[in-house]
Amino acid sequence: MARAILWVLLTVMAVSLLLHAGVEGVNFDIENQCPYTVWAAGTPFGGGIELKRGQSWRVNVPGGARGRFWGRTGCSFDGNGRGRCNTGDCGGLLNCQGSGGVPSTLLEYALNQYQNLDFYDISLVDGFNLRMTVVLSNTNCKRIACNSDINSKCPGELKVVDGCRSACAAFNTPAYCCTGSFLDNCPPTGYSQFFKRECPLAYSYAKDDPTSTFTCPGGSDYKIIFCGNGDSQSNSTSTSSGSLYAVE
């Protein structure tokens, strides 16, 4: 929870500067290949939108920004965009304004950082709800994915409707959340090792940086695929321009 709050504070403080900095932005194309509707979300850029199977959504994000994208499931909203979701809920709003509720599979990004590099990762620190693949238009940059059906394998004590909570979200103890006396020395637990086995390229818990954070020269566009198989070019219905991406 503390990690999510810190992330929100950092991104909110940066937004007002970035919007007027004149830095060229990059595109994030979010595509739903799931056999059901997903309500995509992005903060502090994007907000939220309903994506039926095969639909996609383009969000332009300014250079230098930090943020996250994720998918929500089991949602119901009224005409004013108010309601709730089983996973990834944003305080009952279609147009997200906060970090989103647990559990949710996250794509986290920080653009044009040290030596003009982008930093990006798939995070399961808040748990898992959807399979996710991330492909960059710069083909020299690593495609990352979490394509295991974790929900079907989730330990009973972590299982919720449509998702699998992290141990931190489920138990909220220092050992699982890497807080208090575990802030500087927080080894993996049996639960985080479960997530790591299922998705080796994703953050399995808060201190999983060495094997889970990836870099790419700034300026690359991103494609986020919900429920993609990760091994073929996808087809989607979208009003945006042609694909720049090839999934290896």
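Even glycines carry a Cβ here, placed using N, Cα and C.
Residues or ranges marked as disulfide bond by Swiss-Prot on the basis of sequence analysis: Cys34-Cys227, Cys75-Cys85, Cys90-Cys96, Cys141-Cys216, Cys146-Cys199, Cys154-Cys164, Cys168-Cys177, Cys178-Cys186. What Swiss-Prot records for Asn235 is N-linked glycosylation site. Residues annotated as signal peptide in Swiss-Prot, with sequence analysis given as evidence: 1-25.
Known features from Swiss-Prot, placed on the structure.
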residue : record         : DSSP (3 states)
Cys34   : disulfide bond : coil
Cys90   : disulfide bond : coil
Cys141  : disulfide bond : coil
Cys146  : disulfide bond : strand
Cys154  : disulfide bond : coil
Cys168  : disulfide bond : helix
Cys177  : disulfide bond : helix
Cys186  : disulfide bond : coil
Cys216  : disulfide bond : strand
Cys227  : disulfide bond : coil
*At the level of the C-alpha atoms, what whole-angstrom distance separates Cys216 (disulfide bond) and Cys34 (disulfide bond)?*
27
*asked:* Just to be sure I understand the packing, how many Cβ atoms besides its own are within 10 Å of the Cβ of Cys216 (disulfide bond)?
replied: 19
_For Cys199 (disulfide bond), which of the three DSSP-derived states applies: helix, strand, or coil?_
coil
*How long is the line from the C-alpha of Cys178 (disulfide bond) to the C-alpha of Cys146 (disulfide bond), rounded to the nearest angstrom?*
23
*To the nearest whole angstrom, what is the C-alpha distance linking Cys85 (disulfide bond) and Cys199 (disulfide bond)?*
24
*asked:* Using a 10 Å cut-off between Cα atoms, which of these disulfide-bonded residues sit near Cys177 (disulfide bond): Cys146, Cys154, Cys186, Cys199?
replied: Cys186
*Of the disulfide-bonded residues Cys34, Cys75, Cys90, Cys164, Cys227, which sits closest to Cys146 (disulfide bond) by Cα distance?*
Cys227
*Would you mind reading off the Cα separation of Cys186 (disulfide bond) from Cys164 (disulfide bond), to the nearest angstrom?*
21
_Local Cβ density at Cys199 (disulfide bond) - other Cβ atoms counted within 10 Å_ = 22
*Around Cys75 (disulfide bond), which residues of its chain at least 6 apart sit with Cβ under 8 Å of its Cβ?*
Thr37, Trp39, Glu50, Gly83, Arg84, Cys85, Asn86, Asp89, Leu94
*Chain-internal residues, separated by at least six, CB under 8 A from Cys164 (disulfide bond)*: Pro103, Gly127, Phe128, Asn129, Ile150, Asn151, Cys154, Pro155, Leu158
*If you run the three-state DSSP split on Cys85 (disulfide bond), which class comes out?*
coil
